[in-house]
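What TrEMBL records for this protein:
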TRANSMEM  B:55-75  transmembrane segment
TRANSMEM  B:87-107  transmembrane segment
TRANSMEM  B:113-135  transmembrane segment
TRANSMEM  B:142-166  transmembrane segment
TRANSMEM  B:186-206  transmembrane segment
TRANSMEM  B:236-264  transmembrane segment
TRANSMEM  B:276-296  transmembrane segment
TRANSMEM  B:303-322  transmembrane segment
Amino acid sequence: MADLIARNLSVEAGKATLVRDASFRLARGELVALLGPNGAGKTSLLRASLGLEKRASGDALLDGTDSEKLSPMQRARRVAYLPQQRPLAWPNTVRDVVALGRFAYGAAPGRLSAEDADAVERAIKLCDLGSFVDRQADTLSGGELARVHCARAFAAGAPLLIADEPVAALDPRHQFRIMDMIRGFVDEGGGALVVLHDIALAARYADRMIWMKDAQIVADGPPAETLSEERMADIYGVRAKVSGNSVEIEGAI
Amino acid sequence: MSERFLVPGLVAASVVAIFAACLLGSTPLAADRVLAAFLGGADVGDRLVVWQIRLPRAIAAFVTGAALGISGAALQGLLRNPLAEPGVLGVSASASLLATFSLYYGLAALSPWILPLSAIAGALAATALIALAAIRTRSVVTLILIGVGLSSFSGAAMSLLMNLAPNPFSLSDMINWMLGSVANRSFQELGLAAPFLLAGTIILLVSRRGLSALTLGEEAASGVGLNLRNQRILTVLGAGLATGGSVGLAGAIGFVGIVAPHIIRPFVKHDPARSLIPSALLAGLILVMADIGVRLMPTTNELKLGVVAALIGAPAFVWIAMRRRTLNG
């Protein structure tokens, strides 16, 4: 059983409280969308639950072990993390970038075991990168690059995936393609926690929605239960029409 | 494919260059006489020239270059910037400042270990400062500015020491360390630098895999399983030891650590980890050839190796900087 359980997490930076008393659970077989306006504390919550950011209080268990006590390699084998900022320092080939996903297994680009090479090939196929594996990553479009980063995360073969705005700045088609890949990962038994700003996209793909505002989790449940016109007004300060899983935003309040 | 022949090719070229360095000089020796001297034959004069003068000098040039090349490649990987280099970051200047300092106060006369150790202390202090700043700032421009500051400070402090130099002999000693030279190096001096060069190189090679992960940026690198703190410490320690060892041997020689990795990178698919060994070999080769040039140049006073390296390397640095697209600062 692989899961991530955060209990009463708080994160502070100086005097500001970035996350207050947040609890959630991510298990295999579910796609969870984490929603909230800019500055609500989504990224801090993710980082703190992964053990990458210092917590003021609370704890987070990855498969029953405190994530702060795991070594980076142990953590990377249990959960793949796709941060919001995804700079590439060098013009590596696409295959080498994907191969970096195998770092936690002792692999390095150009030095992959049979098992590593196999995982890399599968990720490349899954994200449809076959036609440009040997291209340098700095020659790719934003959409192609986003798929490369997804492949890198999938190559790790971890049961859980945490992705911070994986579809930011992508055209609609690429947004759907990326979400389809994550959905496919979940359908095969993975668990994914994804930060999204497109509510319609989140409602369409997510099994569960976690809503954050002012450093706190204010709601956690299936779209049918948590997505409402009142919630849109409360969380984002927008007028919206909600019917079933579809949302239409009409303007700021 | 080209990758497979890279290292063997560079090793062969380095051996040929070091051999050539034994042939050429004020009195050229024929290849058969050098070979005979290597094997212990030949007459005493030839053996003296080869074993006491030319071979240690060529090897000193090679290991100095190799240490700077591997340090440059590793620092570039750590800071994710092709402009990072011991010289540019002020590491070499700080090392030669402390080396000069130990000479000036006669500390170096106490024990032959003092000079290399002071150079290493200077290199480690500067590298650690750069690495600390790298945690606080994401901008590499800031780091290079800090390097400029360190270099200027070391330069000023060294000028001060030169102003106060008690006699022309210590003055010329200091100029040697400031400008960098491998003239008159013996196997004894090589032996003193060797443990540090070796330790630094081993640390950099053992920890090189993490440099590949850093390609993804620090956040994602720790996400794929890199222990960021340990990586920083090891790279800083390794580059500090290797650079300090090289300054202890030859003084401050700049820009080799930037040029060699830049040429190597396309051959290793821009993977920082795989660039370390070929960068070291190429930088060693460059310095051996530059030193042959220095020795053959018909000038009354021999040019300093560091001056030649800067004359070639500094324009290359400017060229790389101007061609660089600002990807992430």
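We count from 1, first residue shown onward.
The backbone N, Cα and C atoms fix where each Cβ goes, and this holds for glycine too.
Curation does not apply to TrEMBL; its annotations are automatic.
A contact between the transmembrane segment (B:186-206) and the transmembrane segment (B:142-166) is absent, since fewer than 3 of their C-beta pairs, 6 or more residues apart, lie under 8 Å.
Remote same-chain residues near the transmembrane segment (B:55-75) are listed as 14, 17-18, 21-22, 84-87, 89, 91-92, 127, 182-187, 189-190, 193-194, 197, 200-201, 204-205, 208, 211, 235, 238-239, 242-243, 245-246, 249-250, 253, 256-258, 260-261, 264, 272, 275-277, 279-288, 290-291, 305 (criterion: CB distance under 8 Å, separation of at least six residues from the stretch ends). Within the same chain, residues 61, 82-83, 87-88, 175-176, 178-183, 250-256, 258-259, 262, 286-287, 290-291, 293-294, 297 sit at least 6 positions outside the transmembrane segment (B:303-322) and bring their C-beta atoms closer than 8 Å to a C-beta of that stretch. For the transmembrane segment (B:113-135), the list of distant contacts is 75, 78-79, 86, 89-99, 101-103, 107, 142-143, 146-147, 150, 154, 192-193, 196, 232, 235-237, 239-241, 243-245, 247-249: same-chain residues at least six beyond its ends, Cβ to Cβ under 8 Å.
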